Amino acid sequence: MMKITRLTTYHAAPRWLFLKVETDEGITGWGEPVVEGRARTVEAAVHELGEYVVGKDPSRINDLWQTLYRGGFYRGGPVLMSAIAGIDQALWDIKGKALGVPVYELLGGRVRDRMKTYRWVGGDRPADLVDQIRSYRGLGFDTFKFNGTEELKLLDSPRAVDQAVAKVAAVREAFGDSVDFGVDFHGRVGAPMAKLLLRELEPFKPLFVEEPVLPEQAEYYPRLAASTSIPLAAGERMYSRFEFKRVLEAGGLAILQPDLSHAGGITECLKIAAMAEAYDVALAPHCPLGPVALAACLQLDFVAHNAVLQEQSIGIHYNQGADLLDYVLNKDDFRCDNGDIRALPRPGLGVEVDEERLRHAHANPPDWRNPVWRHADSSIAEW
Ligand SMILES: [Mg+2]
């Protein structure tokens with residue numbers, strides 16, 4: 001029986017945490033357990049949970065997952081579920097490598113040959129959308145996402161709404177129906193303004209609006225959905241089946257966006273995907289993260305019939321100091337043709353980590369934090 005021997009974590013720019021899980025048979029698995037801006041907190045959780053897996057058989061992923069989740073009286077939430085996610089990804093990587101097949105083969109095999117991805121444009125404060133989309137159009141991308149607003153007060157002026165709408169209108173005017181785009185409200189918009197903004201955006205036919213309100217206000221999802229024909233998306237700040245079941249039952253969301261590095265990894269997100277399929281809800285895994293997280297997402301996308309779009313972080317505004325494939329040896333496997341990625345061909349997660357480069361990065365890692373925004377009156381604003 002193979003045994004897990006050691007867990008090692010590496011911090012790296014721009015804001016990533018990598019986990020290496022070693023075994024006594026020399027097979028190594030990689031995971032990416034992180035909460036953006038709280039990498040060190042998740043790292044502590046990974047090593048605390050490591051006590052439950054060192055010495056154990058890595059092939060028993062289901063049992064280890066249940067141990068990590070149910071073995072603690074207190075469970076759930078971003079920190080613990082992200083720590084479990086990274087360990088879970090590494091266990092799938094080990095299993096695939098041990099058996100010599102990509103993870104999607106272990107999950108029943110592919111339902112598609114290519115997975116559509118989209119590109120972020122415009123940064124934290126949406127700007128230069130038309131120029132950036134034009135340059136990425138040249139690379140073959142036809143689907144994009146950008147932030148819908150900057151700070152928005154619970155009750156804000158029609159001016160602020162008009163400014164937000166004008167940016168979306170400019171994109172539609174510049175490109176007509178040759179591009180699709182999602183608009184991320186990023187939890188910056190409160191329920192009263194969300195209703196107004198959704199109505200004003202409707203003529204420009206966004207593919208979806210993401211986090212129209214914060215997940216804490218999820219009871220508004222069905223109410224907002226009843227007021228608009230724009231598909232609503234959310235899920236990056238939900239961490240398990242037990243949270244997703246509530247939004248699926250309540251209705252309103254057209255797209256679930258679980259994060260494979262936040263919601264318990266491949267094991268949990270596979271179940272979330274199946275639950276969504278039963279409700280005719282699409283899947284678009286959240287992934288503004290690094291290459292191991294993306295590889296985990298792709299393993300799920302290739303087996304989930306309802307997976308429609310994959311986020312990826314190439315050129316994203318967060319990627320200061322490193323970009324998506326900087327720590328990857330098999331870069332070509334991740335090549336985007338007209339925005340599509342093919343099924344990763346290698347065993348396990350399909351990513352060969354450049355550990356040498358990672359070790360280098362780890363020597364001097366940045367401690368990324370998300371910006372803290374304030375309204376004009378100095379009160380805290382949602383970022
Ligand atoms: Mg988002």
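Just so it is clear, glycine is given a Cβ too, placed from its N, Cα and C backbone atoms.
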**OP:** For the Mg(2+) site that TrEMBL lists with ASP184, GLU210, give the additional residue from the candidates GLU151, GLU173, GLU200, GLU236.
**Re:** GLU236
**OP:** Pick the one among the recorded positions GLU236, ASP259 whose Cβ has the fewest other Cβ atoms within 10 Å in this structure.
**Re:** GLU236
Original post:
When the Cβ positions of the recorded positions ASP184, GLU210, ASP259, GLU311 are compared with the atoms of ligand 1, which fall under 6 Å?
Top reply: ASP184, GLU210
Original post:
Cα-Cα separation of ASP259 (site 'Increases basicity of active site His') and HIS286 (active site, proton donor/acceptor), in Å?
Top reply: 5
Subject >> Average pLDDT across the domain 'Mandelate racemase/muconate lactonizing enzyme C-terminal' (126-231), rounded to a whole number >> reply: 96
Original post:
For HIS286 (active site, proton donor/acceptor) and GLU311 (site 'Transition state stabilizer'), what Cα-Cα distance in Å is obtained after rounding to a whole number?
Top reply: 6
Original post:
What other residues of the same chain, not counting ASP184, GLU210, GLU236, have a CB atom within 8 A of the CB centroid of the Mg(2+) site?
Top reply: LYS145, GLY182, PHE185, HIS186, GLU211, ALA233, ALA234, GLN257, HIS286
Original post:
When DSSP states are grouped into helix, strand and coil, how many residues of the domain 'Mandelate racemase/muconate lactonizing enzyme C-terminal' (126-231) land in each?
Top reply: 55 helix, 13 strand, 38 coil
